[in-house]
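Positions annotated as active site, proton acceptor by Swiss-Prot, on the basis of sequence analysis: Glu380. The N-linked glycosylation site annotation in Swiss-Prot covers Asn99, Asn227, Asn549, Asn858. The topological domain 'Extracellular' annotation in Swiss-Prot covers 40-972, and the record cites sequence analysis as its basis. Sequence annotations record features per position, and here Swiss-Prot assigns transmembrane segment to 18-39.
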Amino acid sequence: MTSQGRTRTLLNLTPIRLIVALFLVAAAVGLSIGLTYYFTRKAFDTSEKPGKDDTGGKDKDNSPSAAELLLPSNIKPLSYDLTIKTYLPGYVDFPPEKNLTFDGRVEISMVVIEPTKSIVLNSKKISVIPQECELVSGDKKLEIESVKEHPRLEKVEFLIKSQLEKDQQILLKVGYIGLISNSFGGIYQTTYTTPDGTPKIAAVSQNEPIDARRMVPCMDEPKYKANWTVTVIHPKGTKAVSNGIEVNGDGEISGDWITSKFLTTPRMSSYLLAVMVSEFEYIEGETKTGVRFRIWSRPEAKKMTQYALQSGIKCIEFYEDFFDIRFPLKKQDMIALPDFSAGAMENWGLITYRENSLLYDDRFYAPMNKQRIARIVAHELAHQWFGDLVTMKWWDNLWLNEGFARFTEFIGAGQITQDDARMRNYFLIDVLERALKADSVASSHPLSFRIDKAAEVEEAFDDITYAKGASVLTMLRALIGEEKHKHAVSQYLKKFSYSNAEATDLWAVFDEVVTDVEGPDGKPMKTTEFASQWTTQMGFPVISVAEFNSTTLKLTQSRYEANKDAVEKEKYRHPKYGFKWDIPLWYQEGDKKEIKRTWLRRDEPLYLHVSDAGAPFVVNADRYGFYRQNHDANGWKKIIKQLKDNHEVYSPRTRNAIISDAFAAAATDAIEYETVFELLNYAEKETEYLPLEIAMSGISSILKYFGTEPEAKPAQTYMMNILKPMYEKSSIDFIANNYRNDKLFFQINLQKDVIDMFCALGSQDCRKKYKKLFDDEVMNKCRDGQAATECVRIAAPLRSSVYCYGVKEGGDYASDKVMELYTAETLALEKDFLRLALGCHKDVTALKGLLLRALDRNSSFVRMQDIPSAFNDVAANPIGGEFIFNFLIERWPDIIESIGTKHTYVEKVIPACTSGIRSQQQIDQLKNLQKNGMNARQFGAFDKAIERAQNRVDWIKKHFQKLAAFFKKATL
């Protein structure tokens with residue numbers, strides 16, 4: 001049945017709906033029967049708070065397994081015809097008990113795969129109205145005996161009197177009602193205040209990974225693709241958008257309500273379903289192929305959306321050519337939201353973003369922020385092909401979505417910025433390093449992995465999935481060549497369009513396309529065999545290089561492990577390939593710039609003939625491989641000498657690899673740290689971003705181990721001596737005058753990072769400069785009640801550091817001013833900078849106050865989405881490590897009370913609070929919290945935090961005193 005033949009009843013508040021609405025509102029925490037639709041906090045506090053049913057109580061995690069949550073496979077959806085009526089306050093009159101609820105009616109066309117007498121759908125925190133449910137097959141009505149809800153399993157079951165037969169076509173009609181909550185899942189509320197002080201609320205959906213079931217009873221698994229026809233009934237004065245283009249213009253007005261209808265989508269997974277109801281405004285453009293492109297935002301932010309529009313149009317045009325597949329929808333909307341749980345979400349045709357991920361104004365956004373927006377736009381638009389057009393079958397292959405999108409975003413952002421080389425190089429800093437760090441610990445997981453618990457679905461959205469996935473794809477592209485890689489990807493997308501795929505499907509297409517690349521055995525490489533080694537087992541190799549004789553080097557491999565005593569999860573412990581890999585080996589010999597490639601096979605060492613085994617030899621030249629290198633003492637000496645004599649023999653990418661791998665080798669006791677510091681002596685001649693940035697990262701990692709101990713001072717002095725030549729070349733004035741020049745991107749960011757590093761190391765010269773800017777431009781120019789974006793005229797790259805060191809050096813008087821600016825500010829990015837500055841305070845009492853206010857859900861001081869960032873702000877403070885750990889132990893119930901319903905937020909707070917652990921006693925406290933803390937066992941972040949903390953404590957035992965003596969002697 002088509003939508004034209006349907007009877008619409010949602011405009012009428014039926015008695016049964018009124019009863020259900022009253023029940024829902026009464027049941028919602030913070031709502032009462034007497035709710036009005038006036039825009040007060042209490043009136044729309046539809047918050048969800050964790051309870052025993054949600055979490056399994058204190059002693060045990062009895063949440064359902066992933067298998068329990070799976071739907072029976074006896075029914076398959078073909079299409080959904082969905083109508084939703086949203087009751088938003090502040091626009092039209094409606095019964096107060098309807099405030100911040102929505103009525104829903106869905107007609108699901110299905111086909112029976114196996115005979116059955118029941119239909120099971122996913123449903124969570126919405127109430128199905130049995131009296132408004134109907135099942136028909138052709139012109140025959142079938143009796144529904146009962147409707148059973150299974151809240152723990154997030155399912156609703158329709159028991160049918162007569163058996164449904166194989167291949168039978170059926171139409172299930174379901175009426176239901178739900179809450180527009182503040183849980184960031186399903187249809188939720190996003191709030192903001194207009195410039196005249198008027199509070200506003202909008203309704204928007206977020207359904208990935210498993211929250212479409214909060215919005216509509218459906219088959220909420222990626223493999224159940226179907227066409228969606230959406231109609232939204234919304235208050236007069238608002239606009240509605242959905243995945244498809246509108247088919248009735250601005251909608252049909254009936255009294256106080258508007259009915260907006262949208263074009264049926266292509267076949268897609270339920271998690272991509274999206275709607276929004278708001279009074280946002282848009283700017284519009286069009287691609288060369290006629291795709292209408294709109295950017296939506298709060299009206300007062302519309303002037304900041306031009307860069308996103310230009311970037312989006314440029315990117316989608318490029319992708320159509322790059323993938324050789326036209327964008328299949330008639331329009332693409334992108335929306336900047338005040339409240340949003342992720343950075344962005346790739347809903348097909350209606351991408352949602354946090355405001356700080358889409359808005360842009362060069363007065364307030366530094367070059368790095370601008371690049372981040374280009375990357376996120378490119379990432380989400382890549383998803384329109386990777387994820388939307390072709391979708392993984394199940395979340396155990398999420399990397400097919402996210403790894404590919406992370407990989408492709410750097411290609412797309414290269415087109416947006418017109419600087420492909422910059423994006424490829426930045427990949428090393430922001431993606432490859434992140435992946436190597438995440439995959440070095442025992443709490444990692446393979447790219448393709450078995451999901452056993454429901455919580456693991458959300459936990460799969462991590463650095464392994466995103467960063468390692470992208471890094472492995474980058475290595476594969478370098479191995480087979482860009483054209484073959486692009487062609488294989490295009491063929492994969494075409495073959496599985498509007499369908500689902502697994503990793504094996506991807507590699508099978510590569511096998512068809514890639515037939516002439518020599519593999520490790522000298523025969524044509526089979527991509528399936530090669531790639532599976534990197535996707536089905538966790539970890540990565542470190543290649544050890546040793547001199548075998550005067551003309552031969554011996555290369556061997558082993559798994560790189562941050563802590564060899566840590567134990568993997570049982571299901572990852574015995575992989576098929578035994579933690580061995582066939583490794584494409586790029587290398588450089590002596591003082592030659594030529595890069596050669598060979599293979600190190602997984603089952604045998606490589607004896608490599610070289611012209612002079614006594615010459616320096618570098619592995620992973622240009623750093624496209626997902627592995628590390630190590631050398632014997634003599635090998636490192638030769639590399640160090642080459643860097644001192646002529647470091648430009650190696651490209652900046654190769655120098656980046658050498659420095660990173662040296663720090664990594666020292667961290668696992670493979671070499672002495674003195675070797676690393678000797679290597680860094682060449683840095684006084686270094687001017688390139690990639691090597692210096694990774695050097696500063698390594699230095700920072702060491703200094704974190706010293707914390708605020710007295711021994712930290714000589715260490716800081718030593719590190720300042722290494723960076724002093726670059727600091728003397730860096731200038732705040734140069735940054736302020738040139739940051740808008742995109743060609744100076746790396747130069748600007750390098751100078752800024754060096755200056756900030758010097759400040760962090762305790763340089764009074766640096767801190768005084770920032771403090772003077774704070775006094776001159778903030779304290780002297782900002783009047784009471786002004787927002788920072790109204791009164792602070794500091795160059796965008798400097799704003800965050802000026803605020804931070806203003807508070808750090810100025811104390812309470814500066815903190816009070818920043819607090820005032822923070823309260824008045826409406827630009828999300830500026831608010832982030834100001835909140836970070838509050839975390840820079842030297843007073844622990846002030847830091848505690850910041851966290852307590854952040855957790856207070858009766859206050860709007862910190863938006864819920866920003867709570868993890870507030871914890872990270874405090875954790876970044878050198879004095880915050882011990883304090884924030886104690887805060888976690890003592891205030892765990894408060895943390896759960898505040899954000900316990902957002903699993904991913906708690907997963908981010910735990911590592912922030914444990915990043916400063918320095919003793920075994922603290923580890924024991926953490927283990928006790930994991931075992932006995934309310935609901936703590938459900939959070940996988942504890943295992944990771946305990947492992948990293950143990951690594952940190954072990955490092956301190958092994959290296960602290962020795963390095964303290966070294967730094968003291970070196971700085972006498």
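From the backbone N, Cα and C atoms, a Cβ is placed for every residue, glycine too.
Recorded features from Swiss-Prot, shown on the structure.
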residue	record	DSSP (3 states)
Asn99	N-linked glycosylation site	coil
Asn227	N-linked glycosylation site	strand
Glu380	active site, proton acceptor	helix
Asn549	N-linked glycosylation site	strand
Asn858	N-linked glycosylation site	coil
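Checking each of the recorded positions Asn99, Glu380, Asn549, Asn858 against Asn227 (N-linked glycosylation site) by C-alpha distance, the shortest gap belongs to Glu380. Within the model, the topological domain 'Extracellular' (40-972) shows a mean pLDDT value of 95, rounded to a whole number. Around the Cβ of Asn858 (N-linked glycosylation site), a 10 Å sphere holds 10 further Cβ atoms from the protein chains shown.
For Glu380 (active site, proton acceptor), the same-chain residues lying six or more positions away in sequence with a CB closer than 8 A to its CB are Met334, Ala344, Met345, Glu346, Ile351, Tyr353, Ala405. A simple way to gauge crowding: the CB of Asn549 (N-linked glycosylation site) has 10 other CB atoms within 10 angstroms, across all the protein chains here. Other C-beta atoms found within 10 angstroms of the C-beta of Asn227 (N-linked glycosylation site) number 17, with every protein chain shown included. On the backbone, the CA of Asn549 (N-linked glycosylation site) and the CA of Asn99 (N-linked glycosylation site) stand 80 Å apart.
Across the fold, the C-alpha of Asn858 (N-linked glycosylation site) and the C-alpha of Asn99 (N-linked glycosylation site) stand 19 Å from each other. Cβ-based neighbour count (10 Å, all protein chains) for Asn99 (N-linked glycosylation site) stands at 21.
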